Amino acid sequence: MACMLCCSPLPALSSPATGGAAVVGFSSSSRRKAAHVHPAVAVKDHDLSSSSPAACGDEGGGAVVIEEEAHPSMMMSVAAPAMKKKAVAARWRPPRLVVPAVAGADEAMAAAAAVKAAKEKEEEEAMEVEGEGFWVASRRGLRHAMEDGYGVITHKIEGHSQMAFYGVYDGHGGRAAVDFVAGRLGNNVVAAAEKQRLSEKASSPAAADHVAAAIRAAYLATDSEFLSQGTRGGACAATALVIDGDLYVANLGDCRAVISRHGAAAALTSDHTPARDDERSRIESSGGYVSCGSNGVWRVQDCLAVTRSFGDGGLKRWVVAEPEVSRTPLAGAGCEFLVIASDGLWNKVSNQEAVDAVAAGHYSVDSCRRLVDMARRRGSRDDVTVMVVDLKRFLNC
């Protein structure tokens, strides 16, 4: 009887049918075959890395295969020893190795991830800008997406700033209006002022009035351009234009501009709200009404808390876009700097507090950040945007 013994070790082969257990194969033959388990190598060649019962089944189980011509009675005689050896081999498997987790490791990793995510979110929600003679800090509120914006335009002649525009904008009802105003208003104001400047001498008695009129026209033109798009929402604004030694400040709504003269704060704008007697009278004379809610906030048509703004087409009959404009000569007035901010600051910080904070920070982005943080600590849930403009760079006031 011819016999071939395959006893050389074979590398384990991964097989879906056996869950990765070792499979020992043999060549096919046209003769009848019988699988014999050799007692000496049945356990040695068995793959002990698997705990699956299927890995120890009839597909080989790591046993040596003997191919021979055999009588049926011989096949029966080797079946029982093979099953017995497989059972013994199963009992010899080492226990499953379990590596215990370090106490508190998961909690520490989760806490670190939360801190990182919070820091990234804060960086996305906060913005700081350090420009040439101006600084900006802004932070998103807690109630909705960021709806504040700002704009700066400077014109230089022979290396000196002869004209500059600065603006802070506070949107409501989405970002459409504030984005439009931030992109258009500054250009419209500068173009109108430059046209007026070229048409007459700055020293003429009517020049200042004409510049103020040009600023009003630029505001109204910007509003008309936005309304023509049929887009909802609105925006408040406070802007400053420095031209030929004069400071022109204009505003709509409750954005505010405050100047520091020898350390004393003075508001150059007046908030446009229904709480103002003259604004309430204007609205009522136009057929509208104002009301005070349970939270003490006055609103136009039970809707809007400001009486002048860009956009707000449904209320345009009463909520106009014509700004109030003031002129301040810079020469000899002790002018130091200008603070322009959205109502997220002014609802929590007084004019003098803002001036004191900027003076203590020596005109820097840190001053703006300090004011933003002050408003948040005092409970402001609104967007807060603060811009500081150095006025001394235009003239030695």
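The backbone N, Cα and C atoms fix where each Cβ goes, glycine too.
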Among Asp302, Asp382, Asp390, which is the one Swiss-Prot gives for the Mn(2+) 2 site where Asp170, Asp343 also bind? Asp382
Neighbour count first, Cβ atoms within 10 Å, every protein chain included; then name which of Gly171, Asp343 tops the list of binding-site residues. Gly171
Can you tell which of Asp170, Asp382 has the least company, meaning the fewest other C-beta atoms within 10 angstroms of its C-beta, among these binding-site residues? Asp382
Round to a whole number and give the Cα-to-Cα distance in Å for the pair Asp170 (Mn(2+) 1 binding site) and Asp343 (Mn(2+) 2 binding site). 8
Stretch-averaged pLDDT - the domain 'PPM-type phosphatase' (133-391): 93
